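Okay, so here's the structure we're looking at.
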Amino acid sequence: MAVGKVKQIVGPTLDIEFPPGQLPNILNAIKIIDPKDQRELIAEVAMHLGDNQVRCIALSSTDGLVREAQAVDTEAPISIPVGSPTLGRLLNVLGQPIDEMGAIENAEISPIHKASPTFEEQDTQGVIFETGIKVIDLLCPYTKGGKVGLFGGAGVGKSVIVMELIHNIATHHGGYSVFCGIGERTREGNDLWLEMKESGILSKTSLVFGQMNEPPGARMRVGLTGLTMAEHFRDQEHQNVLLFIDNIFRFVQAGSEVSALLGRMPSAVGYQPTLASEIGSLQERITSTKHGSITSVQAIYVPADDYTDPAPASIFPHLDAATTLSRQIAELGIYPAVDPLNSSSRILDPHVLGEEHYQVARQVQKVLQRYKDLQDIIAILGIDELSEEDQLTVSRARRIQKFLSQPFFVAETFTGKKGRFVKLPDTIKGFKMIVEGEMDNIPEQAFYMVGTIEEVFEKAEQMK
């Protein structure tokens with residue numbers, strides 16, 4: 001193993017000199033021993049500078065590190081523990097436990113940098129993945145083994161939907177989940193950990209965190225750490241895995257910080273020039289193979305609610321379904337605040353979902369679109385000036401809008417309402433009854449924050 005010396009430290013970047021002819025490869029992990037307190041720091045080779053020097057990105061804080069510290073080339077990429085021993089555990093980017101529950105024993109070790117599966121190995125079948133959330137299952141259904149984006153600005157409920165999906169998958173599908181927290185609030189990570197413990201779903205989940213307080217190197221690589229764990233469950237244990245990433249935008253942001261530290265010329269809006277290829281290298285590995293599937297749900301922060309920003313715009317093409325959260329809908333008090341007209345799915349197709357589901361979904365969207373078109377007229381002239389047909393459309397649209405809300409299990413403590421998992425046939429039946437006019441005489445308020453259409457009747461009875 002080649003041994004070098006640290007020559008320069010600038011924030012999270014390190015320049016290390018190695019003996020001639022012993023330069024480490026790019027992406028190799030370098031172990032640096034701090035001579036003062038003997039602590040170990042891992043850095044990753046990012047570029048060769050010439051003169052036998054490499055520039056590395058540190059994956060933990062460089063505070064207190066001194067020049068001339070010894071650096072050892074591990075001759076391999078960052079490698080982490082994978083498999084069953086990681087279930088129920090909380091790890092950092094290097095696969096080290098940060099839950100104070102002792103070391104991870106008897107786990108296989110796997111490098112985080114790998115090639116994506118070849119086209120021959122991939123499996124592309126369109127099967128709906130039932131989430132139990134009405135608005136998602138009806139209007140932007142998720143594909144088993146697909147990639148889903150949760151788009152939304154700050155504070156519209158992305159993380160809550162992610163937590164609800166983890167809950168529903170663990171209780172109704174029984175599969176393994178990997179949760180990857182990239183550059184989000186440490187408090188949210190702690191809340192998630194405690195909630196999972198309480199609800200008893202921790203034993204089916206591995207958690208990997210590289211939060212806001214971590215250096216950019218850790219935030220940039222923690223996505224690959226989580227993905228490597230999910231790939232092991234798929235390929236070696238033949239499981240159907242769920243990979244949750246919160247937030248994929250922070251992965252891009254960390255890449256942008258690293259790019260600036262390495263002195264690369266920024267591209268549009270100050271992002272890194274390698275934006276598309278960085279996202280591609282992560283997304284291409286999230287796929288279904290003949291062994292099993294990885295279904296990924298990625299929360300995507302949209303800077304200043306601008307969907308044309310290069311970061312969300314370069315993530316869009318990789319997705320099978322996009323669930324867009326809207327501030328206007330959140331302001332109406334409708335949660336989950338999913339925008340039914342801007343959310344889309346590749347499998348919203350009669351050949352995949354069946355004719356009934358497709359027709360009901362399209363009718364719901366048609367009614368809501370007409371209601372949206374009439375908003376200006378209603379605001380200026382009032383609802384009484386509309387034709388009878390349009391008045392009926394508006395009253396149905398309002399019922400649909402309220403019925404798209406749903407109490408969540410993970411939000412029980414805030415709402416005081418018991419969570420609901422609504423099966424797909426019940427969802428279709430409920431919305432079909434509304435668009436066909438069977439519910440026109442039921443008061444609007446009865447549709448708010450309920451599960452199935454049967455609950456609407458019960459609530460209407462109580463309101464009398």
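Just so you know, glycine gets a Cβ as well, placed from its N, Cα and C.
Here's what Swiss-Prot has on this protein:
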BINDING   GLY152, GLY153, ALA154, GLY155, VAL156, GLY157, LYS158, SER159  ATP binding site
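Within 8 Å of the Cβ centroid of the ATP site, not counting the listed residues GLY152, GLY153, ALA154, GLY155, VAL156, GLY157, LYS158, SER159, the chain contributes TYR301, LEU325. Least packed by the Cβ count within 10 Å, out of the binding-site residues GLY152, GLY153, GLY155, GLY157, is GLY155. Set side by side, the binding-site residues ALA154, VAL156 differ in how many other CB atoms lie within 10 angstroms of their CB, and the most is found at VAL156.
Less than 8 angstroms from the CB of SER159 (ATP binding site) sit GLU184, GLU188, ASP246, ALA299, each of them six or more residues away in the same chain. Long-range neighbours of LYS158 (ATP binding site) (same chain, six or more residues apart, CB within less than 8 Å of its CB): LEU150, GLY152, ASP246, ASN247, ALA299, ILE300, TYR301, LEU325.
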